[in-house]
Amino acid sequence: MGDTLEFSDIYQEVKGSWNDGRLRFGRQSVVYKSSKTGKVDSIPAAELSQAQWRRVCLGQGIKLTTSTGHIYKYDGFRDTDFEKISEYFKAHYKVELSEKELCVKGWNWGTTKFSGPLLSFEVSDSPAFEIPLASVSQCATGKNEVTLEFHQNDEAEVSLMEVRFYVPPGDTVFRDRVLSKADVIQATGDAVCIFKELQCLTPRGRYDIRIYPSFLHLHGKTFDYKIPYTTVLRLFLLPHKDQRQMFFMISLDPPIKQGQTRYHFLILLFSKEEDLSLSLNMTEEEVEKRYGGKLSKNMSGSLYEMVGRVMKALVNKKITVPGNFLGHSGTQCITCSYKASSGLLYPLERGFVYIHKPPVHLRFEEVSCVNFARGTTTTRSFDFEIETKQGTQFTFSSIEREEYGKLFDFVTAKKLSIKNRGFKEGIKGKDDMLEDSDEDQHDAYLERMKEEGKIREEANDSDDSDGESDESFNPGEEEDDIAEEYDSKASASDSSAEGGDSDREKKKRPAKKAKVVKERKPRKKKPKDSGAPKRPMSAYFLWLNASRESIKAEHPGISITEISKRAGEMEGEREIPVLQLSSSHPSLLSFFCSPFH
């Protein structure tokens, strides 16, 4: 046997993804080099404590455990590799390569065993699955369950987000064992400052916010969230339309999770009248050294200003505020509806932000085009549609038409592509011509409708010149309009036109062409065949023929009409005979009593 064993196309598991590379077993160490990243992992041979041969997804795999608690998994071996690898391990590593069968029953109940940094879920003494506790990012406890959340690998196509285990109520041993080895953010030391009972719109509720040097801790009555500052993308401070409240929005990636719900934005609502005196849990020298004058030990002011100032210093990101946009009402936002909820749309210097359910942030860089659409419910509102370069469309509806001019000028100034620009530029200079007589305000969509109607009329006129008109002839039209269509009445129309110049000055309506009505051909009736059989007489007429002589005998001199009338009265009084069945005919009785008759 040689000093080394080498295998190509061997895969290593890294947070749910498989990276291919080369694996070499040597006398001094086990070396794996990734083909994708070039990273080299070296395991000293003296630290190998356990080796297992298992059948896994890509074939046969090896699980190596070291005395320091590290676990390495390699996959992609063939069945014939077991014997030579086993002999090599016995000869050089003094470790036995044992075969281990995995449970594939699919049961969801079993026993959990903790072996160093690994949690194994076993069914019938065979492992069903294993969880590296170093991959656990969050451990939350419910009434009778413990939820494990995991660090995500961006390169994995499919990622496991969370696993839930049922535990008896009040049992905290399982949670403590997980937290002892998990890579969970622990709140060690004192918080820099604490904000009590802040109103949070997303996720909804009242939360205490504890500010730590490296993460943000939201503590509520039901849920706790630890948000590292590295996951914060942007900060927004936006005024409410009522000018009495302020929104503070934090954009997160990856988002925080609550069950199956993902929150990409954290939205806080403040009152402008609420003030706060804040004292940081640090000395003045530490504050000056760490934050460089951005914060001071003692601060006072509005609550939203204090939160924004602290977050800006710790996250080290700028706070985005509205730009120069002012709506019709003088505010920096527009009231609208998105999906099923009403909210506020903020046109910013570099994008659009919608608050609050669900929150939306669209940067100008990802916007393909915008569209001003006619409102679906009333003409006093319009819809604003934004289409991204990925093909996703966002529709903000029920916007007051007074906001149209301001929003259109803003979009034009930002040089965003407008789908229906042609209509709007053509309408812009026709306010006086298309002005509504009922209202003095500019109605862009009424003008657009009139413009479209004018185009359709021109198209119809051109079609009428080529062929027959589709309009119906109205008999209520004046005679002079009709006379122009027929030569036989041309003199009458000429005489009626001698009224003078006053009649000629009136606005002439285009004469309507009479619709040519095609004569219908009379339907030809087929001659009756005298030899054809006649339809059989009904039961009433059969009875009438049989009863006519008796009626004449009872009423001498009665007319034919009276005979028919009397026959009708007798028909109503006549009783229908009932078939009498006796027990002497049991077969006939059973036939008529059958449920099918």
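Any Cβ shown, glycine's included, is placed from N, Cα and C.
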Between 89-125, 274-310, 348-384, 533-569, which stretch does TrEMBL give the note DNA-binding region?
533-569
What is the average pLDDT across the DNA-binding region (533-569)?
81
Let's see if you can do this one: DSSP helix, strand and coil counts over the DNA-binding region (533-569), in that order.
26 helix, 0 strand, 11 coil
